[in-house]
Amino acid sequence: MLSEETYQIHRTIIYCFVLFFEVFGLFGNINLVVLTIRKKSLRTEYGCILATLATIHTLCLLYELVDMSFSIAATFYSYKILRGVCFKAVFPYIFLNSMQTGTMWILSLDLLITIIFPLKSRHFNIPIYFSLLFFFPVVYGSTAVIFGYIYLDDETLPMCNPPSALHPIVQAQWYYFMMVFTILTVVFYTIALVLIYYKAHRHNSDIRYVERKALKTLKYLIFLFVMFRFITITIASVLIAVGVDKEIVALVQNYNVLAQIVAYSQNAYVCYYRSSEYRMLLSEQISKIHPKLVNILPKLSGESSIEGQQWHLSGVSIIQTKAFKPRLKSKSKQQNNLNDN
């Protein structure tokens, strides 16, 4: 059995890491949500789903502060964390955690639908379409909370977080369904990636600008999702399935928060690094908060210029028209000079 002194060390390690990403993640997610609200061109199906995910992640990050307060009380004030108290404090976080897993699946499904049905997807009834997409994540999150309450007990916990707040029976099922969502997410992203490669290699005339740019973004999204969510969820599910000691499982679940907190914080930064258009708009918005903040942002190659461009968001990217060539302007000026002479 792990001693209280040992868990004090684990709590300190975990929540020092969490505290850094609280600032890092909240700054990025809030800027991404505000940018989507401000810019009409970003409010497409994909843009709205991405903003919804950033909103859910923002709330998850705020609830991590609640988890941290329990750990501080247990570490420095000998507070005994009971599952009943923990569950009542973080049950909205259990729902949000479930929703963010489902929303990642929705992003992959929406991208796949956009690639397979590029014309039909533009004419979907957005409220009905979103209601259908979010139906399963809402049911998943609501069911976890309902059964978590039904099986509630007052067992003493080393740390308070969504997995530990659930009774082991509910927790096991919660992880299994989460693993199903993560597997489907990886499968849908992979299918979308294969389809884009197929179209590109066949020099298919219907491959769109959005698909060419998604080719680069997809590789990054799949890598991050596999690293930060799929592997950790799978490990926890396997440990539960093979009957590993529950204290070891609980410790692994507590350290899984490190991967979760990175996943909660990545949205705006993935957009910044992988999309020159999002990078330009985010830089512009951040400069309005304080001009010096822009100086700490990394300057990447291929920065987009507003001049001579039209912006239109479709799928995962903003489509731009070609900029007017300055040579035409100079030729016109030369012609005028000749006429004057």
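Even glycines carry a Cβ here, placed using N, Cα and C.
Feature list (source: TrEMBL):
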DOMAIN    28-227  domain 'G-protein coupled receptors family 1 profile'
TRANSMEM  12-34  transmembrane segment
TRANSMEM  46-66  transmembrane segment
TRANSMEM  102-119  transmembrane segment
TRANSMEM  126-152  transmembrane segment
TRANSMEM  172-198  transmembrane segment
TRANSMEM  218-244  transmembrane segment
**Distant-in-sequence neighbours of the transmembrane segment (12-34), which means Cβ under 8 A and at least six residues beyond its ends** = 50-51, 54-55, 57-58, 61-62, 64-65, 68, 71-72, 75, 159, 254-255, 257-258, 261-262, 264-269, 271-272, 282, 285-286
**Fill in**
Between the transmembrane segment (218-244) and the stretches 46-66, 102-119, 126-152, the largest tally of CB pairs under 8 Å belongs to 102-119
**Request:** Kindly state the mean pLDDT of the domain 'G-protein coupled receptors family 1 profile' (28-227) in the predicted structure.
**Result:** 85
